[in-house]
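Have a look at the structure below before the remarks.
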Amino acid sequence: MMKIKRFVYSLPEEEFYELVYSQNLSVEVLERKEIEVIFASYKEIEGLTPEKVEEVKEDWENWKEKFKPIEVEDFVIIPSWKKPVIVKPGLAFGTGLHPTTQLCIKALKKYLKEGMTVLDVGTGSGILAIVSALLGAKRVVGIDIDEKAVNECRENAELNKVKVECFRAEPKDVNESFDLVVANLEIHIFERVLKDILPKFKKIGIFSGLYKEKDLKRFEELLGGLKVKEVFEKENWYAVVVEKG
C-alpha cells in the first residue's frame, strides 16, 4: 500500500471537457450536477485551485484501474499504461466487441511471452495479430481465406504501426511452426481444419468461437489427447488454451 495525494476540483461541464481534452488528462469523475462536474486528479492541475486535497492509501494497481478511457467528441483520451488498438471499420471481420475476441485477448495477455512467434488463423481485421505484436511477439503472421479480410488486416496493422505479415491462406498452406497459434473460428470450421492447425504450434494454442458446452465438448474430442491448460468463459462463449510439452 502507498499514500498518494488526490486533488479534488469542480468546473462547469463545458470547461471540464475542454480541460481534459486540451491537457490530455486522466481524471476520476466523482459527481455530476446539472452543469458542474466534480472530479479528482492524482496530480495537481496547473492553473486550477483544488477544493480540497486528500491523502489516500491505495494499491497502485487499484489506483490505475480507476483511470478509464474518456470519450470527448471524436477523441478518446487513454491512460498511458493502456495499449490502444486502432481499427478501421470494415465488413464484419472483427471489431473486438464479441466475447470470443475478448477471451482470446485475455488468453494472449496471460500466455504470450515477449519474443514468441505467433500465427493468427482466420485473422479477419487483424485485431488478435495486432494485440500479439503489441504484447511483444517477435514475429506475427495472420492468415485468412478472404482477400478482403487480409487487406483489412494489413491496413489495421499499418494504423497501429506494428508489423504483421498478412496472407490469404488456409492452415494447410502454412509450411512452418510457431511458438503460439491463436484461432477464433467456429466449431464446424474447427471440425474441418483443426487437424491442420495443431501441428503449427510448438508451445501454446489459443482457440475460441466455441458456443456453450456442446461446442466445448466437441472441441475437446477433436484435440486427440492434447492437454487443455485453461478454459476461459464469457456469456456462454469459450476459449480454450492448449499446451504442448
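The first residue you see is number 1, and the count goes up from there.
Using N, Cα and C of the backbone, Cβ positions are placed for all residues, glycine too.
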- Item | Record-annotated S-adenosyl-L-methionine site (Swiss-Prot): member among Gly115, Gly122, Gly126 besides Thr101, Asp144, Asn184 | Gly122
- Item | Where the record names Thr101, Gly122, Asp144, Asn184 as binding S-adenosyl-L-methionine, the maximum Cα to Cα distance in Å | 16
